[in-house]
Amino acid sequence: MPIEFVCKIKFAEEDEKQKGNQDGDKESLIEESCSPPTKDLAGFASASSLHGINHIFVSGRLGVRQTLWALAFLVSLALFLYQAAKCAISYLEHPHVTALNEEATPEMVFPAVTICNINRFRFSALTDADIYHLANLTGLPPKNKDGHKPTDLEYPAPDMQDIFNRTGHQLEEMLKSCNFSGQNCSAEDFTVVYTRYGKCYTFNGNKTTSRKTKQGGMGNGLEIMLDIQQDDYLPIWKETNETSLEAGIRVQIHSQDEPPYIHQLGFGVSPGFQTFVSCQEQRLTYLPQPWGNCRSTSEQMIPGYDTYSISACRLRCETLEVLRECKCRMVHMPGDANICTPSDIKCVDKALALLQKSSGDTCFCETPCNLTRYGKELSMVKIPSKGSARYLSRKYDKSEDYIRDNFLVLDIFFEALNYETIEQKKAYDVAGLLGDIGGQMGLFIGASVLTILEILDYVYEVIKHRLERLLRPQRDDKKQTQQQQQASTVATVNLEEMKAKDSSEMSRSHSEGAYANTILPNHHHHHRTHHRVSEDFAC
């Protein structure tokens, strides 16, 4: 006869309690995530070094006292932000101040001195070919020295550098005496340099072997006597852009780092006078962008020059403009392009005039960040005196009138062995900005950098805690599901074991005849309080 089993499985009470505890934990977690952070904020405010917030964020309801403290804190915070914004705007304007100072030194480097005779060509040195080629440049008619028009002779192409070198005033003939700091000097101490005035000469132009002076005052610098050779000046037939109506020399005092730009920066010295030039060295320091507009020494140098200077920049601009318009360069311009011939002079003058009219729009020359210049004070006395005119006349075999019309004395010296420093400085730098903001922060809200770190640390902890509480329920649900699956597996295994055991016992009873064929014993319920399963069987 078939046997029917009716089985009821009941889990232990502790499993029910564990499930209840898990539900309770979930409810408490939800309550914790929904609870306001008043207590946490109050705890942070009581421990923070930020002034005032410990009176605002307190446990309990918001009262009048907390409201007044909140208003005071907001007003202080607004004032701090206003002052901090003003400081930031002032810093972004990049202001600077100029500091003037004077420093003494036991010795000073003597400046370079460039001199040029205002007359560029000696009339006695010109050949018929020179006069023919230089007609457009000098204004002289294309005639030979006898006043006749040249025949059909073919003159060779002119070499302007050779013409300047050959027909210019020679220093050996002009220099009558030379003295530097009590020691004699000569024309060999000068170097040839070409300018808009032709062949010129520079004293102490080599910066590697520059001369120094150890005393200030007259007689401790350069003193030279020159003969300007006025009788050899070119006759003026008509005025051109290159002719000059003056007599004398042009002088420029400059540093060894810059080329002479004597036609614009030089000063004139006339014959018949002794000119005293008292110099004061000035060392200027400018600020680069964004505080100033100077050119840093780290930037690319101008081709042909070792050091950047305004004079070198201007010469470079003139060279590029003449090359663009006339496809040549003048003798004094740097480069290796072809030198312009006298027939190109009109084109050159036009190009330079256009460059000058542009007022620096096409060629902007920045001021170098480090610059040396020389302030000058000039004074003059007439020479020769009546007593010295006769002596000089006999000494140089010239007439007294010639000496009055051609001789001059130039005396250049330092006023004192000191120099001025004119330096641009940042009026408001990063250190000043941080100091002002820190002072305003401490004055209005009593905070510091560490206070800001406290606030950031609190915000980090709050965000971290919120994220952990949002992710914790998911982990708890997953863990609970795994526990239920494990419990179900254990119950199934126990049930199978019990079925197998009961089947073996009933088979053994049938074989022994211990119970009736129609009635089986009915087992009572057994309640167990430990981690075991209770069951009922009915047939």
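Glycine too: its Cβ is placed from the backbone N, Cα and C atoms.
The cysteine that Swiss-Prot pairs with C340 in a disulfide, picked from C328, C347, is C328. In Swiss-Prot, the region 'Disordered' annotation falls on 474-494 of the listed ranges 138-158, 474-494, 516-536. Which of C200, C363, C365, C369 pairs with C294 is settled by Swiss-Prot: its disulfide partner is C369. C363 (disulfide bond) has C313 nearby among the recorded positions N184, C313, C369, counting only those with a Cα within 10 angstroms of its own Cα. On a Cα basis, C178 (disulfide bond) lies 35 Å away from C369 (disulfide bond).
Under the DSSP three-state reduction, C116 (disulfide bond) is assigned to strand. Mean model confidence of the topological domain 'Cytoplasmic' (454-539) amounts to 60 (pLDDT, 0 to 100 scale). In space, C116 is the closest of the recorded positions C116, N184, N370 to C340 (disulfide bond), judged by Cα positions. C347 (disulfide bond) has C328 as its nearest neighbour among the recorded positions N184, C185, C294, C328, N370, going by CA to CA distance. Calculated from their C-alpha atoms, the gap between C116 (disulfide bond) and N165 (N-linked glycosylation site) amounts to 13 Å. The Cβ neighbour count for C365 (disulfide bond), using a 10 Å radius and every protein chain shown, is 18.
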